[in-house]
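*Asks:* The structure under discussion is supplied below as structure tokens; questions concerning it will follow.
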Amino acid sequence: MAGKATSEAPASGTEETASESATESATVPATGLSGEVAASESTGKEQAGEPREPVSQAPSPTALPGPAAPVSSVATKPAPPSEDVPSSPLMLTIVDVSHNSVTVSWEPPEKLGRLGLQGYVLELCREGASEWVPVNPRPMMVTQQTVRNLALGEKFLLRVAAVSSAGAGPPAVLDQPVHIQEIIEAPKIRVPRHLRQTYIRLVGESINLQIPFQGKPKPQASWTHNGQALDSQRVSVRSGDQDSILFIRSAQRSDSGCYELTVRLEGLEAKATIDILVIEKPGPPKSIRVLDVWGCNAALEWTPPQDTGNTELLGYTVQKADKKTGQWFTVLERYHPTTCTISDLIIGNSYSFRVFSENLCGLSDTATSTKETAHIQKADITVKPKGFIKRDFSEAPSFTQPLADHTSTPGYSTQLFCSVRASPKPKIIWMKNNMDIKGDPKYRALSEQGVCTLEIRKPSPFDSGVYTCKAINVLGEASVDCRLEVKASATH
């Protein structure tokens, strides 16, 4: 037997009303219950009772036994035999308690009674009261029930009794009273993704951090800056039920550091840290000088700036200007070393140089310029042409790709390939079985860019043999050969 039900908590009334309700809840109905309960907001599957004979007349109502049971003014008949009344339900336990409801469950009694089980009656006794008030006015065939609409801070006892047509059995009572109180949800801070890394702002910009958090009841939020309390003259904080906002109207470099948000709730706390970096443009390099000038080149050296703008430098920008035009041209950008060499300077011109520092905010407002100019002097250049040495490319013939043995089919033209290198151009001679085949119309010899080709038109088995390619020039000769086999097609 299993089922669940939901009921509203009974309103506390006079002792007489509670007594009548308790008596009514214990009264056996005249006919067998169908299993449906007319309780407010009741849901669930009911237990299926054991089949039993309908009773023509219900026995006298009997109040549920238990502590501080109300005294009924109605005269009752003698109690029915114990074998007709079910025993008390087993394992009455609390399943869940929220801020306005409680759910209890139990197991069916060991003895259902001879007349069968009609359901269960759940009763409530508030702290300081002596009467038990029924939660459901009629027996319900469920083994789990939820009582809703309870007030915060309320304390009460619960008991449940099994009911048959002979009456209600002894109740099962909770060992401890139920206390309805607000559920505590541990605090949790949800730092936005863009704040999980260093949050960078420029000097003069506003800082507006909105950090959401969770927790019930409302937790207490507090901020610190580098482990110290915030300066209320510069930083304003507003904390609500679900978030905390930190606001700085005009950020200064002193506002950089680690900000920690702490959310506390009844001994529980959650912390989150946010790193803020307030930066500005860097200062220019301290000094710059020309180290050396040679040819069309000039070597420069400078010292890093004293103020980097509260962040690391991205590098330096180096510019040059010739004395004639006075226009500045960038030659190096985001250059990290503090020395450089400027090349491709025009002969006869004098050059000035300047260097900017650069960080995330951009280039420094001013640059450091060289006090002296670098003059590219004209030099006497004497051209000494070198004598031309003619190279001799003469070379005796040598085959870079030899002939390869080949098998052909009668009636299908085939080709033999090889490559030769020689200077001057060699004379190519093709031979079959050491016999020169020049002038034979069956063969066609080609030679282009050192690639020698012999085409054999429609060969027959008679054309099988050893073919040789010989290259000859004034420096020597070389030859390669291969075997050609023309196989006659098999006949069936």
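Glycine too: its Cβ is placed from the backbone N, Cα and C atoms.
In case it's useful when we look at the structure, here is the feature table from TrEMBL:
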COMPBIAS  1-27  compositional bias 'Low complexity'
COMPBIAS  43-53  compositional bias 'Basic and acidic residues'
DOMAIN    88-183  domain 'Fibronectin type-III'
DOMAIN    187-275  domain 'Ig-like'
DOMAIN    284-379  domain 'Fibronectin type-III'
DOMAIN    397-481  domain 'Ig-like'
REGION    1-87  region 'Disordered'
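Map these features onto the structure and tell me what's around them.
*Replies:* Within the model, the domain 'Fibronectin type-III' (88-183) carries an average pLDDT of 88.
Remark: secondary structure over the domain 'Ig-like' (187-275) totals 6 helix, 53 strand, 30 coil, with classes taken from DSSP.
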*Asks:* Have the domain 'Fibronectin type-III' (284-379) and the domain 'Ig-like' (187-275) got at least three CB pairs under 8 Å, pairs 6 or more apart in sequence?
*Replies:* yes
*Asks:* When DSSP states are grouped into helix, strand and coil, how many residues of the domain 'Fibronectin type-III' (284-379) land in each?
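*Replies:* Going through the domain 'Fibronectin type-III' (284-379) residue by residue, I get 0 helix, 49 strand, 47 coil.
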